[in-house]
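S.K.: Have a look at this one before I ask anything.
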Number of protein chains: 2
Amino acid sequence: MQALIDRIKQEGKVFPGNIIKVDSFINHQVDPELMLAMGKDFHAKYQDQAIEKILTIETSGIAVAVTTALQFQVPMVFAKKSEAASMDKNQYQAKVYSYTRGKTFEIRVAKDYLKAGERVLIIDDFLANGEALSGLISLCEQAGAEVAGIGIAIEKTFQPGGEKIRQAGYPIYSQARIKAFEGDTILFEEN
Amino acid sequence: MQALIDRIKQEGKVFPGNIIKVDSFINHQVDPELMLAMGKDFHAKYQDQAIEKILTIETSGIAVAVTTALQFQVPMVFAKKSEAASMDKNQYQAKVYSYTRGKTFEIRVAKDYLKAGERVLIIDDFLANGEALSGLISLCEQAGAEVAGIGIAIEKTFQPGGEKIRQAGYPIYSQARIKAFEGDTILFEEN
């Protein structure tokens, strides 16, 4: 998606450890017009998939998940993160390891909001090692919901998450695919 | 705002300790059409205030802050929460006590995204004791930004936050104002 790629080129900041920060328009300050355009782009990609629910994870996925849900006219659910384990029979839970933070946390969705047979579009801002995305897929599987599509804003294709999850048979569409960093320069996959 | 009040009457759940849960359309599952209508309502209220930025706090404020920012065509910034104190000279910070969780946490905004003289509309989902809102106001004051308005989805008018912050001179518009709970029944202020 060219508008997102252009914005990343203009404002994305590269940090050691293959980290890219997009705090000025996605992760801290948010550009609502860009979020709307991204929501429309996800809708264009998955509009024939009879999507019934958008699933994301707090916090940074929420903005684009809302604009995407607006296009599909379906509810959005955000999984909640917690560092503490809990046993609540009313929730689906999955463990997610965060490479950024170097620890494992739990993500949860109330059973009321993810149902058997529901066709779910998972939306998230980043895909790198695929830990959070695998956790969201696990929540859907526990519910018996169907992952009808996955929409990612920024994928780092040189990290293994996308490959692993595509090989497991899940369709992933990423709007901007970063293949490498060369110093401060961000290189994108051709298309 | 009648659409929100009606939805709270239909789906809001009252819990001991004057807690109301609106997990089915705001705090966990999110109704994007309602968020859009709420954003339009905030815009109608504050459209003559030359708003330049929307400020909210993660997590539950983000959805309605995005739809509000779309109406004003200005950026949205969400303050980040942390349990750990930090000293980062590039951030404004404020301490917020959470009655729900019984502990104090920090909220932060990068100085890059809140500027002196900027006219800010603060948006949040709940107002009760006013702790989070006071923290957001403090961030604006530290930045020299002007709080041009405050928009709240659900205010519990029997708790002291709204009164305290209005008396300090800040304009607050709340879309649904709950004056009391009688058993499972939610009573709203007349208008």
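Heads up, the Cβ atoms here are built off N, Cα and C, so glycines get one too.
Quick caveat, the model's predicted, so the values are computed rather than measured.
Annotations for this protein, taken from TrEMBL, read as follows:
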- A:ASN27, A:LYS156: xanthine binding site (BINDING)
- A:ALA128, A:ASN129, A:GLY130, A:GLU131, A:ALA132: 5-phospho-alpha-D-ribose 1-diphosphate binding site (BINDING)
- A:51-156: domain 'Phosphoribosyltransferase' (DOMAIN)
S.K.: What's the CA to CA span in angstrom from A:ALA132 (5-phospho-alpha-D-ribose 1-diphosphate binding site) over to A:LYS156 (xanthine binding site)?
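M.R.: Counting only the Cα atoms, the answer is 14 Å.
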S.K.: Kindly state the mean pLDDT of the domain 'Phosphoribosyltransferase' (A:51-156) in the predicted structure.
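M.R.: On average, pLDDT over the domain 'Phosphoribosyltransferase' (A:51-156) sits at 95.
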S.K.: When a 10 Å sphere is centred on the Cβ of A:ASN129 (5-phospho-alpha-D-ribose 1-diphosphate binding site), how many other Cβ atoms does it contain?
M.R.: 18
S.K.: I want to verify one value. Collapsing DSSP to three states, which class is A:LYS156 (xanthine binding site)?
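M.R.: Assignment for A:LYS156 (xanthine binding site) reads strand.
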S.K.: In three-state terms from DSSP, label A:GLU131 (5-phospho-alpha-D-ribose 1-diphosphate binding site) for me.
M.R.: helix
S.K.: Near A:GLY130 (5-phospho-alpha-D-ribose 1-diphosphate binding site), which residues of its own chain have a C-beta under 8 A away, given they sit six or more steps off in sequence?
M.R.: A:GLN159, A:PRO160, A:GLY161, A:GLY162, A:LYS164, A:ILE165
S.K.: Using the Cβ centroid of A:ALA128, A:ASN129, A:GLY130, A:GLU131, A:ALA132 as the reference point for the 5-phospho-alpha-D-ribose 1-diphosphate site, which residues of the same chain not in that list have Cβ within 8 Å?
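M.R.: Not counting the recorded site residues, we get A:TYR99, A:PHE126, A:LEU127, A:LEU133, A:SER134, A:GLN159, A:GLY161.
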